[in-house]
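TrEMBL has this to say about the protein:
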{"type": "ACT_SITE", "residues": "TYR191", "note": "active site, proton donor"}
{"type": "ACT_SITE", "residues": "LYS262", "note": "active site, proton acceptor"}
{"type": "BINDING", "residues": "ARG244, ASN499, ASN543", "note": "(S)-malate binding site"}
{"type": "BINDING", "residues": "GLU334, ASP335, ASP358", "note": "divalent metal cation binding site"}
{"type": "DOMAIN", "residues": "168-349", "note": "domain 'Malic enzyme N-terminal'"}
{"type": "DOMAIN", "residues": "359-612", "note": "domain 'Malic enzyme NAD-binding'"}
{"type": "REGION", "residues": "66-96", "note": "region 'Disordered'"}
Amino acid sequence: MISLKAGSFLQNNSTSFSGISSFSHSQRKVSAPVVVALNSNGRGGERKFKALMESTLKEIREGASALDMDPKPNPGAGVEDVYGEDRATEDQPVTPWTTSVASGYSLLRDPHHNKGLAFTDKERDAHYVRGLLPPAVVTQELQEKKLMHNLRQYQVPLQRYMALMDLQERNQRLFYKLLIDNVEELLPVVYTPTVGEACQKYGSIFRRPQGLYISLKEKGKILEVLKNWPEKKIQVIVVTDGERILGLGDLGCQGMGIPVGKLALYTALGGVRPSSCLPVTIDVGTNNEELLKDEFYIGIRQKRATGQEYSELLHEFMCAVKQNYGEKVLIQFEDFANHNAFELLAKYRASHLVFNDDIQGTASVVLAGVVAALKLVGGTLAEHTFLFLGAGEAGTGIAELIALEMSKQTKAPIEETRKKIWLVDSKGLIVSSRMESLQHFKKPWAHEHEPLKTLLDAVKAIKPTVLIGSSGVGKTFTKEVVEAMASFNERPVIFALSNPTSQSECTAEQAYTWSKGRAIFASGSPFDPVECNGKVFVPGQANNAYIFPGFGLGLVISGAIRVHDDMLLAASEALAGQVTEDNFDKGLIYPPFCNIRKISAEIAANVASKAYELGLATRLPRPANLVKYAESCMYSPVYRNYR
Ligand SMILES: NC(=O)C1=CN([C@@H]2O[C@H](COP(=O)(O)OP(=O)(O)OC[C@H]3O[C@@H](n4cnc5c(N)ncnc54)[C@H](OP(=O)(O)O)[C@@H]3O)[C@@H](O)[C@H]2O)C=CC1
Ligand SMILES: CC(=O)C(=O)O
Ligand SMILES: [Mg+2]
């Protein structure tokens, strides 16, 4: 075992090199000079190691220029090839560095470098794995084929989820190759709906920890906890406190499945490197009585901390992140309850690079779907009338972005364009007579109207052209509601955004059947194509997964320091622009996920372009072709050759 450590000595068989602090990226408490400690383990590896060190140092110091992009990647923009992995080709192999040079048994157990049976004979000799594997040598493609075959044998979605998580823990590149090549089939497993069930049962299915847990016990020590994470170059953090996991409510610490899943998509769909992604769960307790009683629950057993105690922990986290990773790390808030979500976004948007996926990402994806739908239904955005069921993060976030875009298009003040948008919450239609009792984020939507209690009454009174479900409550778009929409719209536009599938406002089949095949329908969780009156209808998936991976990539490659609403509009425009005539012919208002990497590159380029235009980008000079640049920065899961 050859280990490379910063600021420490090895007791036996050790040889020291000094002055190579450039290697210190993955160890904490780095102090110069960095010491490389060598334990040759009786393999006579000392000379070999010195030669290896010299050649690798040379490669890192000089070799980077060979394949650099024009303009050169800027370390500040966070896209540099920290591990030398991009430079690896058949002719130019690299060393599989971790905090140690992984070899032998530990190499097979290191998910970042393990290739299983794909290790060549030469690699098996060079890295001491001969005999630790059966003799067959197979390609990554064959491994993929076998795994897909095995996954398809499972009847229960949760078993597929667990098999995929095991793979991620065992062989990271193979996991991402599977996910990228089979995105439409595997998205419902690592993401909604199956990830919802996984979170509900997270304590029971828990095997190896994923991500970073920061609980009230870590108060005062969050910076230290961040330093326990093995990677130093973090570019994207997805953080939840588990209080509103999909439409499933408070799952406390078990919400970890969400940041883990979202970040898997950052890599697979947006090409952000797995090593630069950090899933975080903040555990302040849970109000879920069942979990508190569950002997397998993995979080702290207490009611949720609120008020000052909550905000102090969150503030310590936000400060520690900036201190540890710098100004340009993206913090994505995910599945917080709305009473905290709006406040956190407002509090930190001026000082940190923050993005709330449920408020902002969802807004961007739904606006794109609406803009695309206009091609099928006709009219401008301002000529349509919108009604929401659900006036929380998703509902008011989407409403505000639609109103902003309408205002930009018509030059009318946003106070005016908001009047085209109506929302219903658990107490009925939001109207001005309720103003006093409304939460702050609902107040802009309190228009003059008589109070109405039910969605059906609101549909009949407002006569919306677009109906959007964002309440987290399933089966709320009843036959009467859909029939009412179809009675005054030739092509009613219906979004059933709530996740997972059990919480969907209606199914695709119901939307098409009840509207006699006239609905333009999209849902947050996927539905299979439906045959109605001899015609096949393909429902779209209106999910923020279309937006956040490309959006985040755009921020990272431009070195953006803040998120601006115009970037959300830019992302939305790029997504809507990817819907083809062929997609429209099938009634689709989103492009299929199988092209998601191309879509993400377009989104990233539009977002980055906006960041430059707004003076929020720090990566200079601006690459001439941002789409090509975004594509070139994307992580590839193909195995690297080891020397
Ligand atoms: N497809 C996608 O990409 C996304 C989907 N979502 C989904 O949207 C749903 C809501 O999320 P989010 O907005 O964050 O949640 P919030 O808790 O912030 O908002 C929920 C809203 O729904 C209202 N509501 C609850 N029950 C009813 C009811 N029976 N009738 C009418 N209104 C009701 C609430 O009313 P009140 O305020 O009165 O309590 C509240 O306004 C979730 O299922 C989530 O999974 C979220 C983000 C992205
Ligand atoms: C998709 C998503 O972010 C949600 O349902 O919360
Ligand atoms: Mg969410």
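Numbering starts at 1 and runs along the chain as displayed.
Even glycines carry a Cβ here, placed using N, Cα and C.
Any TrEMBL annotation is an automated prediction that lacks curation.
Taking the features listed in TrEMBL, we show where each one sits on the structure.
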residue	record	contacts (Cβ under 8 Å, 6+ apart)
TYR191	active site, proton donor	GLY261, LYS262, ALA264, LEU265, ASN543, ALA545
ARG244	(S)-malate binding site	ASP250, ASP335, PHE336, ALA337, ASN338, ALA341, ASP358, GLU393, GLY472
GLU334	divalent metal cation binding site	VAL238, VAL239, THR240, ILE258, PRO259, LYS262, ASN356, ASP357, ASP358
ASN499	(S)-malate binding site	THR192, PRO193, GLY196, LEU246, GLY247, GLY524, SER525, ASN543
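Compared over the recorded positions LYS262, ASP335, the count of CB atoms lying within 10 A of a residue's CB peaks at LYS262. Screening the recorded positions ARG244, LYS262, ASP335, ASN499 for a C-beta under 6 A from any atom of ligand 3 leaves ASP335. Checked against ligand 1, the recorded positions TYR191, LYS262, GLU334, ASP335, ASP358, ASN499 give ASP358, ASN499 in sequence order as having a Cβ less than 6 Å away from one of its atoms. Highlighted here are the recorded positions (TYR191, LYS262, ASP335, ASP358, ASN499) whose C-beta falls below 6 Å from ligand 2: ASP335, ASP358, ASN499, in sequence order. Secondary structure at TYR191 (active site, proton donor), as computed by DSSP, is coil. When every Cα pair among ARG244, ASN499, ASN543 is compared, the largest distance found for this (S)-malate site is 16 Å. The divalent metal cation site, placed at the center of the C-beta atoms of GLU334, ASP335, ASP358, has further neighbours from the same chain whose C-beta lies within 8 angstroms: THR240, ARG244, ILE258, PHE333, PHE336, ALA341, ASN356, ASP357, GLU393. Taken together, the residues of the domain 'Malic enzyme NAD-binding' (359-612) have an average pLDDT of 97. In this structure, the residue listed as 'active site, proton acceptor' is part of a helix by DSSP.
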